[in-house]
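**Student:** A single structure is presented below for examination.
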């Protein structure tokens, strides 16, 4: 009776540890093949990280544990994804430096409404919330840097 209660307790604690790791990491249940999102996967046996592995004979992708030799088929063929999210400050810095970019076209046909400088850099980009392209101008006066769109 003691041995069976210890076994039940051990199984329950492993189950809690497993569900705790799922909640804390949010990874096992987060995998979504519809969005082609790559996530970390963990071994069901020992909770170590599963690494992508190619089975060359069967020509399939597997995830394998390096600790206990557990393997499972990959449900997604994306093994690495790098998403870069820029902050608003980083995007603003790009617009400030754009006047010094020698590769961008310049025009003397427009005047800055703030400083009346006669040269501006221009480029096309999508404006926030708009679908089409917008023509942006940046004043080339280093003391001004005013931005406007056409």
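Each residue's number is its place along the chain shown, starting with 1.
Heads up, the Cβ atoms here are built off N, Cα and C, so glycines get one too.
Keep in mind that what you see is a predicted model, and the values were worked out from it rather than measured.
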**Student:** Quick test of your reading of TrEMBL: among 43-68, 69-94, where does it put zinc finger?
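**Tutor:** Of 43-68, 69-94, TrEMBL gives zinc finger for 43-68.
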**Student:** Just how many other Cβ atoms lie inside 10 Å of the Cβ on residue 46 (Zn(2+) 1 binding site)?
**Tutor:** 11
**Student:** Applying the rule Cβ within 8 Å of the centroid of the Cβ atoms of 112, 115, 139, 144, what extra residues of the same chain belong around the Zn(2+) 2 site?
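**Tutor:** Other same-chain residues near the Zn(2+) 2 site: 113, 114, 116, 117, 120, 140, 141, 143, 145, 146.
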**Student:** Rounded to a whole number, how many Å is the Cα of residue 43 (Zn(2+) 1 binding site) away from the Cα of residue 115 (Zn(2+) 2 binding site)?
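**Tutor:** Answer for this pair: 63 Å between alpha carbons.
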